[in-house]
Every structure is written in C-alpha cells, then in structure tokens.
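Listed in Swiss-Prot for this protein:
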DISULFID  Cys21-Cys71  disulfide bond
DISULFID  Cys30-Cys54  disulfide bond
DISULFID  Cys46-Cys67  disulfide bond
DOMAIN    21-71  domain 'BPTI/Kunitz inhibitor'
SIGNAL    1-16  signal peptide
Amino acid sequence: MVFLLCFFLVADVSYGINKDCLLPMDVGRCRASHPRYYYNSSSKRCEKFIYGGCRGNANNFHTLEECEKVCGVRSRDSPKEN
C-alpha cells in the first residue's frame with residue numbers, strides 16, 4: 001500500500017513536466033562553447049551549461065526564459081549557474 005502511494009505521488013509530480021526537460025544535461029560531442037540552459041530535475045531549476053555545438057539532446061535551451069517556459073519553472077526559482 002505504501003509503495004502504491006509513493007508511486008502515485010512521484011508520477012503526479014512528473015506528469016506536468018515536458019519529457020524533454022527530464023533528459024540529463026548533454027554537452028554534446030563537439031568542442032564549441034555555446035552558453036545554454038537545461039532543466040535540472042534534481043534542483044528543479046533551469047541551469048546554465050556550455051554546449052559543444054552538436055548532438056546533445058532536447059534538454060537544451062538558448063535562453064533561461066525559454067527553459068523556464070517549456071519546463072514550467074517560475075523565474076524566482078532560477079537561475080543557478082554552474
């Protein structure tokens with residue numbers, strides 16, 4: 001019973017978040033240096049990282065505002081710089 005309760009609580013919290021936002025940060029394989037933002041599901045914030053310029057994944061946003069909008073983060077919860 002406790003397991004089911006925990007499962008539904010976790011599922012409910014993750015339900016409203018865009019799936020792309022749950023992907024891990026991925027700097028990509030190239031060696032460029034593009035400042036970008038990603039959603040950190042542990043801190044529940046959009047955080048800055050340096051993108052290499054190719055590959056990577058969809059958890060990669062040009063601006064803090066874009067990351068917050070897509071991932072449903074309130075501005076006062078961000079930013080956290082790496």
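Glycine is treated like the rest: Cβ placed from N, Cα and C.
The two recorded residues Cys54 (disulfide bond) and Cys21 (disulfide bond) have their Cα atoms spaced 18 Å from each other. For the pair Cys30 (disulfide bond) and Cys21 (disulfide bond), the C-alpha distance works out to 22 angstrom. A Cα-Cα distance of 8 Å separates Cys21 (disulfide bond) from Cys67 (disulfide bond). Taking the Cα atom of each, Cys46 (disulfide bond) and Cys71 (disulfide bond) are about 8 angstrom apart. All protein chains considered, the CB of Cys67 (disulfide bond) has 25 other CB atoms within 10 Å.
Sequence-distant neighbours of Cys71 (disulfide bond) (same chain, six or more apart, CB under 8 Å from its CB) are Ile17, Asn18, Cys21, Tyr39, Cys46, listed in sequence order. When the disulfide-bonded residues Cys30, Cys46 are scored by other C-beta atoms within 10 Å, Cys46 scores highest.
In the domain 'BPTI/Kunitz inhibitor' (21-71), helix, strand and coil residues by DSSP number 10 helix, 15 strand, 26 coil.
Here the disulfide-bonded residues are Cys21, Cys54, and the one whose Cβ sees the fewest other Cβ atoms within 10 Å is Cys54. This prediction places the mean pLDDT of the domain 'BPTI/Kunitz inhibitor' (21-71) at 98.
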